[in-house]
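If you look up TrEMBL, you'll see B:512-530 marked as compositional bias 'Polar residues'. Among the features that TrEMBL reports, domain 'BTB' is placed at B:40-139. Per TrEMBL, region 'Disordered' is recorded for B:512-547. The feature signal peptide is assigned by TrEMBL to B:1-16. For B:221-241, B:253-275, B:320-341, B:353-369, B:381-402, the entry in TrEMBL reads transmembrane segment.
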Amino acid sequence: MGALMVIFSLQPKQRRKTTDSVEDELELSAVRHRPEGLEQLEAQTRFSRKELQILYRGFKNECPSGVVNEDTFKDIYAQFFPQGDASTYAHFLFNAFDTDHNGSVSFEDFVMGLSILLRGTVQEKLIWAFNLYDINKDGYITKEEMLDIMKAIYDMMGKCTYPVLKEETPRQHVEVFFQKMDKNKDGVVTIDEFIDCCQNDENIMRSMHLFENVL
Amino acid sequence: MAAGVAAWLPFARAAAIGWMPVANLPMPIAPTEKNKRQDELIILNVSGRRFQTWRNTLDRYPDTLLGSSEKEFFYNEETKEYFFDRDPDVFRSVLNFYRTGKLHYPRYECISSYDEELAFFGIVPEIIGDCCYEEYKDRKRENVERLMDDQEDNKDAKLPNMTFRETMWRAFENPHTSTMALVFYYVTGFFIAVSVITNVVETVPCGSAPNQKEVPCGERYTVAFFCMDTACVMIFTVEYLMRLYAAPNRYRFMRSVMSIIDVVAILPYYIGLVMTDNEDVSGAFVTLRVFRVFRIFKFSRHSQGLRILGYTLKSCASELGFLLFSLTMAIIIFATVMFYAEKGSSSSKFTSIPASFWYTIVTMTTLGYGDMVPKTIAGKIFGSICSLSGVLVIALPVPVIVSNFSRIYHQNQRADKRRAQKMQKARLARIRLSKTGSSNAFLHSKRNGLFNEALELTGNTEEEKCLSKSTSLIESQHHHLLHCLEKTTNHEFVDEQYYQQSYLEAGLQNYPSQSPSLSSQDGVTGTCCTRRSKKRHTPLPNASAPAHMQPLTHTHTHQQGLQELSTIHIQPLSTSRSSLNMRIDEPAPLNCQSSQITTAIISIPTPPVTTPEGDAHLPAGPTHQNVVKVSAL
């Protein structure tokens, strides 16, 4: 029994070492990011000073360290969709916001994205949406990419929907989308096809203005 | 929706632009921000200490005092601040709740004053964060017990109109209520003592005749002991039967520990009576007499301390189990080691591993009888390790048991565990409710939203105002977001129940998409009725969820059903009803303002209908569930 006790007493030391290294990692990664000054952000985005203040207060409340990483992003976004699983769509959104692809969204990235979405021209908004759909950023939306996005959107609905969600619903939706958008029927949607088609669609145009008075 | 993420709502709404190119349907209108206020600081004066916060912070929890319009009652016009004549220290915790979304319980605060403040500000204590919840619950339990003890002292006043049976039971449970009970209590105690002493003395060797060997007293004075035994057993039997008669719940009484002890105490005697002097079973009969010693446990009715000891052992079952387990492990290990160590030496007592068990137990408990000792050097080394570790293993769980006993003894605790478990379930249920509250709130507001839009159409502004007040701006924006998602995917959010029901029907029915006509009304009632008849067999969830679909009590026949629909109190809508499933394939160029096709589930609030049959079925209401789907055009 004493031998066992000796063995057990050795173990925690090892564990302590690993926890120490984890803590070190945390220290290094707990970046304290401060955003650029208010004037610079005011110049770069289309928000007023007051609006930037409100945005920053909310941002800092949820992310005291100043940057959002993907998990926090997914958590926050999931709170708006209690019934479904918003993590896949949040992943795509994160990639769309993280313009420099460093794995975290700082306040500047956040505010730039919002500036385009809320105060940008229709052209800019459509380009942003195209960017979102184009997962591998190669300039073309393929059917597979669109299917991924569509599945992510349908996942947010969750299970309890009316009518009941079927397996092929996202696929059908993608077909409809491609029929509408893919003018030269080459199986991919380029940015020009996308923008042209959206600008000719009344519904889409109207909904682009929907969120203008959000802030 | 948690408070903090309300600030991220603009972001979530902006991100919805990603759905727009994909959607085939037109999007609903965004809620306009009527009298949009710039975010302002408000001052809360609590007994002279001024707290300041943003108005939006308080609006996060609209069902509390500070978040709703109830605080206007406390507004002081001259000083332009809200004055509350309450404790400022506790108010700190309350305000922090709004700021951070977590409610903390300060340890130095008295539990009842804290509860009062929470009740005043309309905050449910169940949302206290996990970091403080245990402390809160412990203090609350202590307080409740203290109150209960105070009540106990007053309870002894005799209640009027107690039946003889109830009086007897009370006499048994609380001996100091009446003199008779006290007499009974002492008499039974005396006889238990007598019985135990008899059993003991029975085996003492009494004086013997000179030429015979010593005999125990029991065999010498057989008749006397037998009479004593009979008398005791008769008293115990009578007592048991009286308790059985007086018990309010006989089945539960028979299962209780004390009654089992009683039965075990008196059974050997009766079995002995039944079995005659049969030589074969006399051995077994002797063994049965051992059970007579259990009479001593009957003393636990007389001694509070004994009961507490028993309860302590029961509550420390896990520690005792751990002690036993670790001891067993150690015994086996050391016995094996000692056996192989001593195998070599001659005339070793360690003949087998099980034989070494005895040595190990005696050594580890530091008894050290000395009947088995190791002779080899290896054996002695391992033997010493064994005795040292024995001390440690036994010393470890003992303090836990001791502290447990002292805590229980101190609090004089009853078996309140069952009540605590109920509270835990209630707490979890409430938390679950508040979590599902957000999704239920959306469904709930869809109904209100339907009324809203319809009212806008009919231009009835007063009702519109009072309905729109029920949801805050943030909530309405959130719901608009969910609505956009529904439009994008052309599917709707429904609650669990409805989903299961429609899942069942998925294969069965085909919803025709028709223009508004009588036939579609038939369709409505047709499916209503069939749905209801199906619903009869599915068990309903607990109808305590506040925003749940209200049951519709509805009567039956087809024609009457139609009539019902027309008299159902959805007058404000005054819209035409179209079919259940509107699948709009053509993006109809609709004037946004006047016509917005939304399919929604409305539920008719109870009491709904005006016909007498409806009333007759009102009591059976909760067992029904009916949903009428209409759409506003």
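Every residue, even glycine, has its Cβ placed from backbone N, Cα and C.
All annotation found in TrEMBL is predicted automatically rather than curated by experts.
Predicted-model confidence for the domain 'BTB' (B:40-139) is 88, expressed as mean pLDDT. According to DSSP, the domain 'BTB' (B:40-139) comprises 47 helix, 20 strand, 33 coil. If you look at the transmembrane segment (B:221-241), the same-chain residues 6 or more away from its ends with a CB under 8 A from one of its CBs are 187-188, 191-192, 194-195, 198, 202, 206, 259, 262-263, 265-266, 269-270, 295, 298. Residues of the same chain lying 6 or more positions beyond the ends of the transmembrane segment (B:320-341) and with a Cβ under 8 Å from any Cβ of it are 313, 350, 352-357, 359-361, 363-364, 374, 376, 378-379, 382-383, 385-386, 389-390, 393-394, 396-397, 401.
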